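The domain 'RRM 1' feature in Swiss-Prot is assigned to 11-90. According to Swiss-Prot, the domain 'RRM 2' annotation covers 111-188, on the basis of sequence analysis. What Swiss-Prot records for 289-364 is domain 'RRM 3', and it gives sequence analysis as the kind of evidence. Feature annotation from Swiss-Prot assigns N-acetylmethionine to Met1, Met2. The annotation phosphoserine is assigned in Swiss-Prot to Ser23, Ser54, Ser63, Ser90, Ser310 on the grounds of similarity to another entry. Swiss-Prot lists Arg233 with the feature dimethylated arginine. Among the features that Swiss-Prot reports, omega-N-methylarginine is placed at Arg233, with the record citing similarity to another entry. Per Swiss-Prot, the feature phosphotyrosine maps to Tyr246. The region '2 X 16 AA Gly-rich approximate repeats' feature in Swiss-Prot is assigned to 234-433. Among the features that Swiss-Prot reports, region '2 X 19 AA perfect repeats' is placed at 354-392. Among the features that Swiss-Prot reports, repeat '1-1' is placed at 234-249. As annotated by Swiss-Prot, repeat '2-1' applies to 354-372. Positions annotated as repeat '1-2' by Swiss-Prot: 418-433.
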Amino acid sequence: MMLSTEGREGFVVKVRGLPWSCSAEEVMRFFSDCKIQNGTSGVRFIYTREGRPSGEAFVELESEDEVKLALKKDRETMGHRYVEVFKSNSVEMDWVLKHTGPNSPDTANDGFVRLRGLPFGCSKEEIVQFFSGLEIVPNGMTLPVDFQGRSTGEAFVQFASQEIAEKALKKHKERIGHRYIEIFKSSRAEVRTHYDPPRKLMTMQRPGPYDRPGAGRGYNSIGRGAGFERMRRGAYGGGYGGYDDYGGYNDGYGFGSDRFGRDLNYCFSGMSDHRYGDGGSSFQSTTGHCVHMRGLPYRATENDIYNFFSPLNPMRVHIEIGPDGRVTGEADVEFATHEDAVAAMAKDKANMQHRYVELFLNSTAGTSGGAYDHSYVELFLNSTAGASGGAYGSQMMGGMGLSNQSSYGGPASQQLSAGYGGGYGGQSSMSGYDQVLQENSSDYQSNLA
């Protein structure tokens, strides 16, 4: 007897938005009204090519009726996060699980290792000498640089075979000069995540204590400088400068990638999970009323952020994860209304543990982004004056409305980089934008004086 279409394709749902630390038992509790096939074995988590959780999973159920029950859980919450549930099938599940994760065909046995702790100015010749006797493929070395063109102290090396790469791993903790070198198994996919720098970092850098506005990197400019140009050309010390050969693709199941082969669904999920990549946060708001946080303690949890905004009640918290799997110190917080997001800005420059936290508003009144009630805004500013370290200043002007510039000079580049400097007024007025730039510049000059 032939199986029905449902029988051949199985009874599967796909879950998105899971907490990073979520376990199979927690997924089973979330679907407690549904019969999951084979218990915890029926929960199939999706991992990135670096082996980190993607926040997604497939769940195998026992019948079509169980699938219908599971779909009713769409947009319900797990902890403080709402979870999306989609109908899927066994074909999609098998394909995705095969082509993702650290053991996928795209990452296994490609002979890559990653070095960390290289001396400043370490050359390719020194690395070749370090691996003397182990064959490195032609043009098989990549030396990443940061967004200012400086060496990161890391390198990626591709050997002629996986067996040679295993031998290279045995040199872990040996020295180059006075520095001991850490060596880790890597993959072509990891090289790609380092190949093109995060756009958010290229367009906005928090000034250092000795920085001065100048050519290519002023506080109020978006100058790109030599570091940007080196990275734009793929100048990672040579190496894999021709990654256009690995053109972007979309597999039809939502696992798209850019032209460097980086996953667009993860990200730094994070990173974009960059961020945590992705040319900025991968956070997608459902209400359009968000506050971006910067300067969080690296051990801050979602609960810490909920408590930080108490008595306000955020709908969702998304802590950014960088491409190295570490938190970036930034997060996006979603509120139900524009008024709640505005009220949350009263916490700008407040401390969380030992660090003060900067807040950037990303919300407009109404769906059309029309002008907000200025009497309310002025009342809010007056009620919070002095408490926020002067982060707002007197910037209700021109077509920009209110722009939340930060207190260290108000870099206007934030308004271009990640969209966190949005105002309440219509932002199509370039004259208003220019006026904000001019005021920021004059404010900064007066601060220097």
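The backbone N, Cα and C atoms fix where each Cβ goes, glycine too.
Locations of recorded Swiss-Prot features on the structure.
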residue: Ser23; record: phosphoserine; contacts (Cβ under 8 Å, 6+ apart): none
residue: Ser63; record: phosphoserine; contacts (Cβ under 8 Å, 6+ apart): Phe11, Lys35
residue: Ser310; record: phosphoserine; contacts (Cβ under 8 Å, 6+ apart): none
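When the modified residues Ser54, Ser90 are compared by the number of other CB atoms within 10 angstroms of each CB, Ser90 has the fewest. Mean pLDDT across the repeat '1-2' (418-433) comes to 38 in this model. Taking CA atoms as the reference points, Ser90 (phosphoserine) and Ser54 (phosphoserine) are 19 Å apart. Note on the domain 'RRM 1' (11-90): DSSP counts are 20 helix, 31 strand, 29 coil. Look at Ser310 (phosphoserine): DSSP puts it in coil.
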